[in-house]
């Protein structure tokens with residue numbers, strides 16, 4: 001009777017030895033240590049704490065999935081474009097972990113009622129959160145498109161800018177919605193419409209690239225990107241002018257000076273209305289710069305393989 005031989009399937013260990021694989025492994029370890037230390041201290045209550053904890057856990061889980069997929073060598077079987085998905089997630093992870101690294105100490109580290117041991121754990125968690133952010137920054141720098149390289153759109157500078165634009169828009173939505181800052185004037189409602197329209201269109205572009213559905217567009221993808229970037233620049237430029245005028249001008253019921261009551265607000269979700277209006281103005285300017293850069297790079301991007 002012939003002896004049946006078993007076929008042992010070995011994973012693709014080579015992917016874990018590459019610089020990108022090593023950086024992803026470090027990101028998984030750093031993120032795991034970060035949220036483990038925060039859980040150990042028990043200092044992550046409220047919406048701010050939930051946001052920070054979600055950022056660390058989400059980045060840990062998705063990076064682990066990416067490592068498993070590449071280790072198993074089943075990238076081609078995934079329902080997403082593997083040329084676009086990892087770099088898109090890595091860029092989001094940079095922004096999420098960076099935000100958590102800044103927000104967490106501002107809201108929880110200043111509490112003097114907790115012992116030195118708990119504060120030590122918190123400080124170590126913040127250090128590892130910084131290391132997690134650094135790991136994702138290195139991953140983005142290693143996987144982004146090099147000059148003359150034919151790769152996925154999301155690996156190019158305009159693609160990465162789309163991630164930044166959507167993330168900044170999400171932060172703007174947080175500030176304008178609690179409490180609603182756009183109900184005073186119809187002009188401010190136009191600014192909200194600008195944020196929503198540009199956000200939705202950027203998300204659509206990201207989804208089309210990750211899902212490899214750019215062929216569904218009724219026009220050439222590069223022409224669509226250039227036209228949309230130009231439209232976004234014009235819309236954000238109008239919001240950049242309108243929002244400060246109707247928020248801080250006394251003629252429109254605003255105040256150009258910071259109220260004294262705002263001095264006692266330190267928590268992100270306890271910021272006074274005036275501070276939130278300033279934050280929206282600054283973020284609008286930052287996103288306008290991002291869209292201007294997007295327009296410039298989109299116009300220069302001649303050949304794109306998605």
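Glycine is no exception: its Cβ is also placed from the backbone N, Cα and C atoms.
Look at the domain 'MARVEL' (15-148): DSSP puts its residues at 109 helix, 0 strand, 25 coil. Among the features that TrEMBL reports, domain 'MARVEL' is placed at 15-148 (among others).
According to TrEMBL, the feature domain 'MARVEL' maps to 153-303 (among others).
Taken from TrEMBL, the feature transmembrane segment applies to 21-41 (among others). Note on the transmembrane segment (21-41): residues 15, 52-53, 56-57, 59-60, 63-64, 66-67, 70, 93, 97, 104, 114, 118, 121-122, 124-125, 128-129, 131-132, 135-136, 138-139, 142 of its chain, located 6 or more positions outside it, place their CB under 8 angstroms from a CB of the stretch.
Among the features that TrEMBL reports, transmembrane segment is placed at 53-73 (among others).
The transmembrane segment feature in TrEMBL is assigned to 85-106 (among others). Non-local neighbours of the transmembrane segment (85-106) in the same chain are 27, 31, 38, 44, 48-49, 51-52, 55-56, 58-59, 62-63, 66, 78, 122, 125-126, 129-130, 132-133, 136-137, 139-140, 143-144, 152, 154-155, 159-160, 163-164, 167, 171, 206, 209-210, 266-268; each lies 6+ residues outside the stretch with a CB under 8 Å from one of its CB atoms.
If you look up TrEMBL, you'll see 118-138 (among others) marked as transmembrane segment.
Under the heading transmembrane segment, TrEMBL lists 159-177 (among others).
Per TrEMBL, the feature transmembrane segment maps to 192-213 (among others).
Per TrEMBL, the feature transmembrane segment maps to 225-246 (among others).
Long-range contacts of the transmembrane segment (277-303) within its own chain (CB-CB distance under 8 A, at least 6 residues past either end) are made by residues 150, 156-158, 161-162, 164-165, 168-169, 171-172, 175-176, 181, 191, 198, 222, 225-226, 229-230, 232-233, 236-237, 239-240, 243-244, 247-248, 254, 271. Annotated transmembrane segment per TrEMBL: 277-303 (among others), in sequence order.
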Checklist entry - Which range out of 53-73, 159-177, 225-246 gives the transmembrane segment (118-138) the most CB pairs under 8 Å? => result 53-73
Checklist outcome for this item: Per the Cβ filter (under 8 Å) with a sequence gap of at least 6 from its ends, the transmembrane segment (225-246) is approached by 158, 165, 184-185, 187-188, 190-191, 194-195, 197-198, 201-202, 205, 252, 254, 277, 280-281, 284-285, 287-288, 291-292, 294-295, 298-299, 301
Checklist outcome for this item: Lying 6 or more residues past either end of the transmembrane segment (159-177) yet within Cβ distance under 8 Å of it, the residues of that chain are 84, 87-88, 91-92, 95-96, 99, 140, 144, 152-153, 192, 195, 198-199, 202-203, 205-206, 209, 232, 271, 276, 279-280, 283-284, 286-287, 290-291, 293-294, 297
Item to check | Overall pLDDT for the domain 'MARVEL' (15-148), taken as the rounded mean | outcome: 90
